[in-house]
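Structure record follows, encoded as structure tokens.
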Amino acid sequence: MNPRRKKRLAIVGSILIGIGVVSGLVLYALSQNIDLFFTPSEITQGKKETGLKPSLGQRIRIGGLVVPGSVKRDPENLKVSFRLSDMAMPIVFKDSDPMVTVYYEGILPDLFREGQGIVANGTLTEHPPTGLSIEASEVLAKHDENYMPAELAEAAGQKHDKATYSDKQLESKKTNSY
């Protein structure tokens, strides 16, 4: 092999190795930032289709209803804990239902209340008295009575509909246009 061909082969080889290293680093970074969505029953029993359960220390999103009477606030600081249950209809909470305790330190959203649907982002941990729990870094409450995130609507067995205008609203929009 002549020197020019060797040099070209070395350049192409180093470029391919560089692309491989960069691709590996990008995939590693993306895998660290993925938050999979689970309901309380999927955390305790696994997903229906695959049986997939989250592992301890994994970052996840959990959605469900705040169980009435489960909210406990620490009077000394902003720590709060509450239990989440599935959004099954009719809404009846039994002790036998799969529930997950969420621990959060911070200011809760204004719309947060018992019996309300929420989504929490955090890490799956295990606390001896409560079992599987979430150390939440963020808690989101739903906006109004009719709004439900697509993930929660799917978990509750409801269809997620986008907001639409009624015929009356469309008619008034046409007549009020300039």
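For all residues, glycine too, the Cβ spot is worked out from N, Cα and C.
The heme binding site annotation in Swiss-Prot covers His143, Tyr147 and rests on sequence analysis. Summarising the annotation, Swiss-Prot assigns compositional bias 'Basic and acidic residues' to 157-178. The region 'Disordered' annotation in Swiss-Prot covers 154-178. Among the features that Swiss-Prot reports, topological domain 'Cytoplasmic' is placed at 1-8, with the record citing sequence analysis. Feature annotation from Swiss-Prot assigns topological domain 'Periplasmic' to 30-178; the stated evidence is sequence analysis. Annotation comment: Swiss-Prot describes 9-29 as transmembrane segment, evidence class sequence analysis.
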For the topological domain 'Cytoplasmic' (1-8), the number of residues DSSP places in helix, strand and coil = 6 helix, 0 strand, 2 coil
Counting only residues 6+ away from its ends, which parts of the chain sit with a Cβ under 8 Å from the transmembrane segment (9-29)?
-> 1
Mind looking up the mean pLDDT for the topological domain 'Cytoplasmic' (1-8) in the predicted model?
-> 88
